[in-house]
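A.B. asks: Handing you a structure now.
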């Protein structure tokens, strides 16, 4: 069979299944791929349950995560779907952002209703900025009582509302297992679910449409031309002769103009998200810029020293610390391209954090870092990763 080529014509959306470990996330994921492969055979292939369940290990910021990626298409969109089978894997993925989500399908078994893990996943989705959640009420074939289904649906809506998600989000009754077996009623339920995903999850803003930002990895001088900063464009577009600011690490922000853009030794008029480029900058001495700063569209992001974050601390088996840490812990926080030392304050009532825990923390950095909510960081001790997190709130 000819491999379907990646069509750039359709919007691309990253989604994932979240929810309690026994509520059928992986079965439902397999069912989605099968139902769509049957409905649009020229666009899709199906993935068997065990292909998804035997999730390959991935390293994200030094942390090993078991996670499965499948892709499929509806008429409207191209989807990349992640499924983290284990609870710990899910938490690690959310915090390290091995796979970012533009929206999530919260899977809740109609037989059980929301469980503590369900709540934890929704809370985490809120903290790490998942934009939208809709609900698959799974195993609905096993509940005959309409009142029970309505009760579970109400509970789930309350749970979403409590974390400021859309209380009116679609709640679709499905059976992943029956759909996989080809039962027409439940195949239709999965088709309905995907229609709801198409309709309710908003189109993501493309990286190229966001304001320009490039973390500086290296700085050097080209004799007779000036200073060049290199890095990978994180978002947005940069054109020759545009004004930029260089910010972070140092107390002051510098304004300059990009007079040349180079990629693979060729001169370009434009660099965009994903490109590794060198930017020639006017009137800046080599010693005025350094790795760890960012080049930005003027005024679009600011440097900060104090923030709140959500972090996952590696267990001993994952190569993390062997002992807990306490208030006033002073590791390095690795943002984008550089380490900055910070002092950690734990939440009230938390005496210490054990390896393998996930925790909230307040951090005070010794140098400012250009950041916004959602920015990821690694926690390091002398170059060794001991944790990963993301900024949930900027304080100062």
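Every residue gets a Cβ built from N, Cα and C, even glycine.
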A.B. asks: Between 79-82, 83-86, 87-90, which stretch does Swiss-Prot give the note region 'G3'?
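C.D. replies: The range carrying the region 'G3' annotation in Swiss-Prot is 83-86.
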A.B. asks: For the feature region 'G4' as recorded in Swiss-Prot, pick the matching range from 134-137, 138-141, 142-145.
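C.D. replies: Among 134-137, 138-141, 142-145, the range Swiss-Prot annotates as region 'G4' is 138-141.
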A.B. asks: Choose the correct range: of 11-18, 19-26, 27-34, which one does Swiss-Prot annotate as region 'G1'? Give that range.
C.D. replies: 19-26
A.B. asks: Within the chain of residue 140 (GTP binding site), which residues six or more apart in sequence place their C-beta under 8 angstroms from its C-beta?
C.D. replies: 110, 149, 173, 174, 175, 189
A.B. asks: Near residue 25 (GTP binding site), how many other Cβ atoms are within 10 Å of its Cβ?
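C.D. replies: Result for residue 25 (GTP binding site): 25 other Cβ atoms within 10 Å.
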A.B. asks: Fill in the CA-CA distance, residue 84 (GTP binding site) to residue 26 (Mg(2+) binding site), as an integer in Å.
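C.D. replies: Distance (Cα to Cα, whole Å): 8 Å.
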A.B. asks: Give me the Cα-Cα distance between residue 26 (Mg(2+) binding site) and residue 19 (GTP binding site), rounded to a whole Å.
C.D. replies: 11
